[in-house]
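In what follows, a structure is listed as structure tokens, so that the remarks can point back to it.
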């Protein structure tokens, strides 16, 4: 965050990508190496966490169409999604009754809203790029 505040956005993005890669590959790899038996993957990780990760990757696609910029609105959206995901994980692992309701909310409201957002921002960015190419 300090790199972003100092205007070094390339370093900030590199830190985000690098830390995510390390968390996924490095930590999982080291854990698998030192574990006495193979690691088991919970059904919830396959049913919920994996689609969330793929969806978040898809949400990043408009960034590539929009001149490689993340707007404040997109940043707010990403932060809200992170908080919603964290709430879901906590409610699911603690067995709170809220978990089922939150999962339905995410499936029937958040997911369609995100798909609409993804389509809207992708179309808007494509139109901007297409319009720039037509200008003399």
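Here, residue 1 is simply the first one shown, and the rest follow in order.
Cβ coordinates are placed from backbone N, Cα and C, and glycine is handled just like the others.
All TrEMBL annotations are machine predictions without curation.
TrEMBL lists 2-87 with the feature domain 'Sodium/calcium exchanger membrane region'. What TrEMBL lists as transmembrane segment is 12-35, 50-68, 75-99, 105-126.
In terms of DSSP helix, strand and coil, the domain 'Sodium/calcium exchanger membrane region' (2-87) has 68 helix, 0 strand, 18 coil. Beyond its flanks by at least six residues, the transmembrane segment (75-99) meets 44, 48, 52, 56, 59, 106, 110, 114, 117 of its own chain at Cβ-Cβ distances under 8 Å.
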